[in-house]
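Step one of this worksheet: look at the structure below.
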Amino acid sequence: MAKGGFFKNYRVYLLTTTAYMGALLFGYDTGVMSSVLALKAFKKDFGLPTASNGFATKQNAHVSQNVVSLLTAGCFFGAIAASFVNDRFGRKKSLLGFTCIFMVGAAIQVASHHHIGQIYAGRVIAGLGIGGMSSITPVFVAENCPPAVRGRITGLFQEFLVIGSTFAYWLDYGVALTIPESTKQWRVPVAIQLIPGGFLLVGVLFLKESPRWLAKQGRYEEATANLAFMRRDEIDDPDVIKEMADIRASIEEELHLTEGVQWREVLLPGNRYRFAVAFTIFLCQQFSGTNSIGYYAPQIFETIGVAKTNASLFATGVYGSVKVATTGIFLLIGIDKIGRRNSLLGGAVWMMTMMFILGGVLHTHPPTNVNTVSSASIAMVVMIYLYVIGYSASWGPIPWVYVSEIFPTRLRSYGVGMAAATQWLFNFAITYMTPSAISNIGYKTFIMFGIFCAANGVFVYFFVKETKGLTLEDMDIIFGTVAAEQRAADVEHVMHKGMEHDDRIEDVAATTNVPAHEEEKREL
């Protein structure tokens with residue numbers, strides 16, 4: 001049976017599907033509010049101007065900024081908290097706790113009526129939960145994935161995210177057409193997020209803890225059992241033994257350097273490089289402009305000439321569907337073949353080109369008649385769709401994959417937590433500034449994002465190392481914290497210790513007439 005085949009790894013896929021409900025919730029919660037903000041029913045309930053004019057109304061721009069950015073502010077603090085909770089209590093318990101926090105925030109949003117402050121409070125609390133999930137789930141999944149398909153499986157974080165946002169886009173379009181203008185029209189799509197939240201809450205109870213986290217706690221027997229379960233092999237299978245030897249050798253090397261996680265360990269050259277790259281790759285992702293479009297798609301389509309609410313919601317639904325299809329195809333056939341680095345380089349050039357064209361057309365052919373969609377408006381919509389194709393095959397899934405795989409076991413929860421917090425910090429900055437930027441400088445907003453995309457390509461060319469096909473423990477070698485020869489010697493030493501231990505157990509069992517497995521329990 002192929003090591004990278006679906007049936008061989010179906011338990012990894014089940015764990016991923018459950019854990020990445022957190023990513024789906026992130027996508028849904030952002031997608032649903034971006035479209036709900038465009039519904040007249042929501043505007044009336046909360047006393048906002050009802051015109052379909054994008055961000056031209058300053059009050060609408062202000063509320064849009066708050067509703068969207070407060071979620072990301074909560075996510076920032078949730079991601080920071082999760083980096084410590086994740087390391088202390090493990091992946092499973094931490095994920096369960098942050099799911100409960102999200103459910104509370106979602107319930108507050110559903111119960112809101114006439115008081116926009118309630119929406120704000122619910123967004124912050126839900127953000128704490130989502131931010132925590134975003135820090136935990138990529139680590140949880142990456143630590144269970146075999147190297148051959150780790151990019152494909154870990155990258156499903158982005159696929160679940162865009163499925164969630166796209167479902168929200170189409171749901172909002174559907175309720176705008178089928179539910180009369182009323183409180184129910186916006187409350188129904190906001191409430192539906194409780195369904196995947198409940199699925200995650202129940203599903204996480206049945207997941208097994210990460211074998212790498214267990215090994216870091218010295219619980220090697222349980223770690224080996226969980227690893228064998230996820231690989232669908234016996235605990236004495238040579239591949240399981242080799243993988244556990246790699247894990248133990250890596251952990252013992254780290255323990256040899258320092259006792260416990262200390263800040264000086266972060267400052268070691270190889271680790272310092274990894275933290276800097278993780279920080280910068282998410283800064284680059286956010287300044288590519290994707291979330292400006294993703295969060296405010298209906299209003300942006302209105303800005304470029306698709307002025308009617310239902311038409312802008314339909315265009316937004318198509319935008320999301322393009323993301324889902326492209327991300328899925330890329331994860332299936334691209335990420336583990338083309339690699340991380342080449343995909344990021346190609347995506348940066350593609351996205352830069354589309355942003356420059358979009359900004360240029362908006363400058364030379366601004367929409368003038370709100371009752372018709374001009375050929376220039378259609379061209380700009382196409383540019384947005386082409387832009388998101390490039391993003392979905394590069395800067396969408398890869399940063400999440402990359403940061404989840406480059407850190408050593410003892411620093412992984414801190415590294416991914418820091419990276420996720422960076423993502424949310426600049427996510428907050430970009431989403432807060434977008435309505436004002438489009439309202440005040442118009443087409444120059446897209447030119448600005450095009451320049452940022454060019455800078456992203458320069459960063460990748462000089463600083464991002466290729467990681468496809470490598471084990472998590474191999475990252476220490478390519479980032480220079482251990483030599484390949486030293487790692488091979490350490491793995492051999494660990495395996496040799498294991499064989500000596502097994503031989504000693506069998507010798508004692510033979511002389512005492514005690515079964516070997518009973519003697520091993522006595523040793524433990």
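Every residue gets a Cβ built from N, Cα and C, even glycine.
According to TrEMBL, the feature transmembrane segment maps to 12-28, 67-86, 95-114, 120-141, 153-170, 190-207, 273-293, 313-332, 344-364, 376-402, 414-434, 446-464. Residues or ranges marked as domain 'Major facilitator superfamily (MFS) profile' by TrEMBL: 15-468.
Contact between the transmembrane segment (190-207) and the transmembrane segment (67-86) does not hold: fewer than three of their C-beta pairs are under 8 Å, each pair 6 or more apart in sequence. Counted as Cβ pairs under 8 Å, contacts with the transmembrane segment (273-293) are highest for 414-434 among 95-114, 313-332, 344-364, 376-402, 414-434. This prediction places the mean pLDDT of the domain 'Major facilitator superfamily (MFS) profile' (15-468) at 84.
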